[in-house]
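**Student:** The following feature annotations were taken from Swiss-Prot:
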type     : residues                        : note
ACT_SITE : His37                           : active site, proton donor
BINDING  : 30-37, 150-153, Val179, 187-190 : ATP binding site
BINDING  : Gln61, Gln156                   : (R)-pantoate binding site
BINDING  : Gln61                           : beta-alanine binding site
REGION   : 1-283                           : region 'Pantoate--beta-alanine ligase'
REGION   : 284-513                         : region 'Cytidylate kinase'
Amino acid sequence: MVQVFRTIAGLQTYLRQAGRGKTVGLVPTMGSLHAGHGSLLKRAVAEMDLVVLSIFVNPLQFGPGEDLEKYPRDFDGDRQWAESLGVAVIFAPTVTDLGIDAKGDQTTVLPPPAMTEVLCGAHRPGHFQGVATIVTKLFTIVCPDVAYFGAKDAQQLAIIRRLVQDLNLTVTIRSCATVREESGLAMSSRNQYLSPIEKEQATVLYRSLQAAQQRYRQGDRQVSALLTATQDVLDAEPSVQVQYLQLVEADTLQPITGTLPDQNPVLMAIAAYVGSTRLIDNLVLNHRLPIIAIDGPAGAGKSTVTRQVADGLGLTYLDTGAMYRALAWLILDQGIAPEDEPAVAELTSGAEIELMPRPAPQLTGVKVNGQDVSDAIRTPAVTQLVSTIAAQGAVRAKLLKLQRKYGDQGGIVAEGRDIGTQVFPNAELKIFLTASVQERARRRLKDFEAQGNQAVDLAQLEADIAHRDHLDSTRAIAPLQKAVDAVEIITDNLTIAEVVETIIELYKKYNKG
């Protein structure tokens, strides 16, 4: 049964008891839940041990004359739905509990004006300061490992990511794709204000964005042409009054003029009134190639499959294992005790790692601080140290940032245990490659026999693999999990070639879509 807390003291006491040793996810909402919120909650429940749903209609983000008083509220319905989805806790504080003064006399978080004074912020002064203030309070109160936000509120998402970066907050921000009705209308609590006729009229927003997306896919990079394509569709529905239509950099929200950049994702954002209801929508125009994320337990054949998929598609194999080996080598080279985590963090935080892709069957080359260590990272001493280093939070944070940097341009295939859930949660194609414990043990036994080692017991191998699975799936940092949107491939009765071909066909199917 879902627990409901109205006070900070009650929630924090519960989290200290029930959340000890568990991953905590936060889904901040203003209530009146719809399918878009449902997608956030489902993903959070799938990925986190304990999920907190906050319901708070934030007065700080409503301006004079906006719909604060009539904003839809349905706490009983929200509670029932949250419980059915497996949410552990609802935090529904009062204005007083969150320290909001009627006179506005409270500490306020002020994100960069360049991000808050464009798009919606240009028409809703103070809105994003109100959002940032309450979200920061929620992060401080709940201390979540991951917070989930919808991509529909793209400006809010970009500002919160910047807030987390600038304030050195430890929470990970995870975005989830916009959920739409069959008509294409983006899910919103305000959709219930619309009459049936207005709801039909509102579908023009997404159709207009799709028109620009089509031009973009055809190679048009001129801002004026893309805006014209959108406006032509909007003009066919004169009852919809556009407040703004703009192309901005997706991360910084800076307006773009002239020609779109090829490197960075671009946000096409729109706000319009349908009757008296204000709606927003957006699409990201991204020139990068897709990313394939392959996860799975040890012994499932991920490394071999991933490399062959990359070769077969002409993509880059992102050897994340080589990155961890590189840092393990650096720690050994500098004489740092592996168990001295502060010293490890100090050393590795400033390390420069560069991968040097090589054609199969050569292993990936690596430079550390400009030094080629491609052979040095393959020694037994480094191999023995890798798992110890990989379990440290500072090391994982360092390499997570580096891996995502490689992913900025796309066109990569990466494998691991948390690639689709942690490193590239928005990868276009996610694969969970697995096999039974018995099958993986048989494969391992064949490897040992091929090396001339005949004194290996199959039953012991099975026990070792099962134990490794348990450790990987229950570790505190980035546990092995199947992403909710991953395609599972069980390889017990498949050859490597068959698995590779299956993944390549899935990739081609995605590209056609």
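Quick reminder: no glycine exception, Cβ is built from N, Cα and C everywhere.
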**Student:** Spatially speaking, which of the recorded positions His37, Gln61, Gln156 is closest to Ser189 (ATP binding site)? Use C-alpha to C-alpha, please.
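**Tutor:** That would be His37, nearest by Cα distance.
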**Student:** Work out how many Å separate Gly36 (ATP binding site) and Gln156 ((R)-pantoate binding site) at their Cα atoms, rounded off.
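**Tutor:** Cα to Cα, Gly36 (ATP binding site) and Gln156 ((R)-pantoate binding site) are separated by 15 Å.
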**Student:** Is Gly36 (ATP binding site) helix, strand or coil when read with DSSP?
**Tutor:** helix
**Student:** Considering only the binding-site residues Met30, Leu33, Val179, which residue has the minimal Cα-Cα separation from Gln156 ((R)-pantoate binding site)?
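**Tutor:** Going through Met30, Leu33, Val179 one by one, the closest to Gln156 ((R)-pantoate binding site) is Met30.
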**Student:** Using the alpha carbons only, what distance in Å do you get between Leu33 (ATP binding site) and Gln61 ((R)-pantoate binding site) once rounded?
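**Tutor:** Cα of Leu33 (ATP binding site) to Cα of Gln61 ((R)-pantoate binding site) measures 18 Å after rounding.
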**Student:** Rounded to a whole number, how many Å is the Cα of Ala151 (ATP binding site) away from the Cα of the residue listed as 'active site, proton donor'?
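**Tutor:** For Ala151 (ATP binding site) versus the residue listed as 'active site, proton donor', the Cα atoms are 11 Å apart.
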**Student:** Around the C-beta of Gly36 (ATP binding site), how many further C-beta atoms are within 10 angstroms, looking at every protein chain?
**Tutor:** 23
**Student:** Measuring CB to CB from Val179 (ATP binding site), give everything in the same chain under 8 Å that is also at least six residues away in sequence.
**Tutor:** His34, Ala35, Gly36, Gly38, Ser39, Gly150, Lys152, Ala186, Met187
**Student:** From the Cα of Met30 (ATP binding site) across to the Cα of Gln61 ((R)-pantoate binding site), what is the distance in angstrom?
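**Tutor:** Gln61 ((R)-pantoate binding site) and Met30 (ATP binding site) have their Cα atoms 11 Å apart.
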**Student:** If you count Cβ atoms within 10 Å of the Cβ of Ala151 (ATP binding site), leaving out that atom itself, what do you get?
**Tutor:** 18
**Student:** Counting other Cβ atoms within 10 Å of each Cβ, which of the binding-site residues Met30, Leu33 scores lowest?
**Tutor:** Met30
